[in-house]
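If you look up Swiss-Prot, you'll see ASP14 marked as active site, proton acceptor, on the strength of sequence analysis. Under the heading active site, proton donor, Swiss-Prot lists HIS42. Positions annotated as GTP binding site by Swiss-Prot, on the basis of sequence analysis: 13-19, 41-43, ARG309, 335-337, 417-419. The feature IMP binding site is assigned by Swiss-Prot to ASP14, GLU15, GLY16, LYS17, ASN39, ALA40, GLY41, HIS42, THR133, ARG147, GLN228, THR243, ARG307, with sequence analysis given as support. Swiss-Prot lists ASP14, GLY41 with the feature Mg(2+) binding site, giving sequence analysis as the kind of evidence. Sequence annotations record features per position, and here Swiss-Prot assigns substrate binding site to SER303, THR304, THR305, GLY306, ARG307, LYS308, ARG309 based on sequence analysis.
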Amino acid sequence: MKKNIIVLGAQWGDEGKGKVIDFLSKNINYVVRCQGGNNAGHTVVIKEEKTVLHLLPSSILNKNTINIISSGVVISPIDLVKEINMIEKKGISIKNRILISELCPLVLKYHVSMDVAREKNRKKKEIDSIGTTHRGIGPAYEDKIARRALRIHHLINKDKFKKKLKNIVEYYNFQLINYYKEQPVNHEKIFNELINKSKLLNNISIDIPSYLNSINKKNKSIIFEGAQGALLDIDYGTYPYVTSSNTTVGGIISSTGISPFSIKYILGIIKAYSTRVGNGPFPTEIFDETKNIILEKGKEFGSTTGRKRRIGWFDAVAVKRVIQINSFSGFCLTKIDVLDNIKEIKICTSYILPNGKILDNISNIDDWNKAKPIYKSMPGWLSKTKGVKNFKNLPILAKNYIKKLQSIIKIPIEIISTGSDRNDIIVLNKKLVE
């Protein structure tokens, strides 16, 4: 049966998309990474061996998949080549298995320098920093919107590319030197580094919309992989504490050129609790010892930055907002095992503002910053769920928690992850893996 599936994070990222896509792609031959850059970190664990992917689709470890990067992704050529080399060192062939949109914007040294300079400047002026990953992602997307981005296809004509590069570097150096008082970047050095990578990039770059539509006509199935999470969307997230791309369904459609009518299922990934990296509102944040228990057991450290993630209870208000925008067909609930030793587990069912107003939905930063959670408390199950592969074998209180979440968000939970390994999983909707 043909099934085109979109897989999206439905919180602030780090929900476990990598594992789920790796699992689902065993039966699907095409996986498309749709937005973001090497600020994302998707982790796949196979027999206790961890692989962290920043640019390549999370299906790359499945040897039968074709792994595609669409034009919504900003590409650091140096980091992409490093990642390809890392995969090959694991003994996994990538020959004829990676394709990149010729329209992907490049992330280059001056983007990184600008990103770092801005964050440093915000701290100096005592302005709240965004908490970026310092990977140059924001400036790269700015270039795309300003119509000055260098893209993969520009590498074909080296003379034209060098001229464009020189002009852009002059633009960035003016700001770095005169406003931020930082060191300039050298366009010759950037050019020479890129030329060494250009042959590989040109060999695997194609027109992605035409390719994907040809797959559709052959009745083949495709997974579309989102990065980050819907609450970090540039339009609908906790702006300005968001990423620089559209992390929602609309971003998938626009970055791939695929028809929305060809999508058969939209799978949201949610943790059994909440986390976020960096600054920004986080109404259910935990500050007592429970935070440290979840942090350590859940290994909640950023796969890209290594920073400790902020920990919070499950926020049903935020998730219901994301459901509005993405029309999820079902959810995968991850990291249920991390809560195995927690005596009391809380679910945020609504917010209250200082004026006493109760909110069941929220859309702007002013309300986010003032909102306090109203909780529904449930008893923890205090027994092992890790590695359980059948729903009936879960502790009764764990089942109750899952059923309560489902009754609040009113979308079926159809997959449950019970550990970090690709096989620690319960599939309730068997059609997703047929």
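Heads up, residue numbers simply count up from 1 along the chain you see.
Glycine too: its Cβ is placed from the backbone N, Cα and C atoms.
Computed from a predicted structure; not experimentally measured.
Here the features listed in Swiss-Prot are placed on the structure.
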| residue | record | Cβ within 10 Å |
| --- | --- | --- |
| GLY13 | GTP binding site | 29 |
| ASP14 | active site, proton acceptor | 29 |
| GLY16 | GTP binding site | 19 |
| LYS19 | GTP binding site | 26 |
| ASN39 | IMP binding site | 29 |
| THR43 | GTP binding site | 18 |
| THR133 | IMP binding site | 23 |
| GLY306 | substrate binding site | 8 |
| ARG307 | IMP binding site | 13 |
| ILE336 | GTP binding site | 25 |
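Put simply, GLY13 is the one of the binding-site residues GLY13, GLY16, LYS19, ARG309, ILE336 whose Cα lies nearest to the Cα of ASN39 (IMP binding site). Look at ARG309 (substrate binding site): DSSP puts it in coil. Annotation for the recorded positions HIS42, LYS308, ARG309: lowest Cβ count within 10 Å of the residue's own Cβ, LYS308.
Taking all protein chains in view, 25 other C-beta atoms sit within 10 angstroms of the C-beta of THR418 (GTP binding site). Within 10 Å of the Cα of GLY13 (GTP binding site), the following binding-site residues from the list GLY41, THR133, GLN228, GLY306, ARG307, LYS308 place their own Cα: GLY41, GLN228.
One residue stands out among the binding-site residues GLY41, GLN228 for having the most other Cβ atoms within 10 Å of its Cβ: GLN228.
Taking HIS42, THR43, GLY306, ARG309, THR418 as the recorded positions under consideration, the smallest Cα distance to THR133 (IMP binding site) is found for GLY306. Annotation: HIS42 are the recorded positions among HIS42, GLN228, GLY306, ARG307, ARG309 whose CA atoms are within 10 angstroms of the CA of LYS19 (GTP binding site).
In the three-state DSSP scheme, GLN228 (IMP binding site) falls into the coil class.
The maximal spread of the IMP binding site, taken as the longest Cα to Cα distance among ASP14, GLU15, GLY16, LYS17, ASN39, ALA40, GLY41, HIS42, THR133, ARG147, GLN228, THR243, ARG307, is 34 Å. Rounded to a whole number, the C-alpha distance linking THR418 (GTP binding site) with GLY41 (IMP binding site) is 20 angstrom.
When the Cα atoms are compared, GLY306 (substrate binding site) and GLY41 (IMP binding site) turn out to be 10 Å apart.
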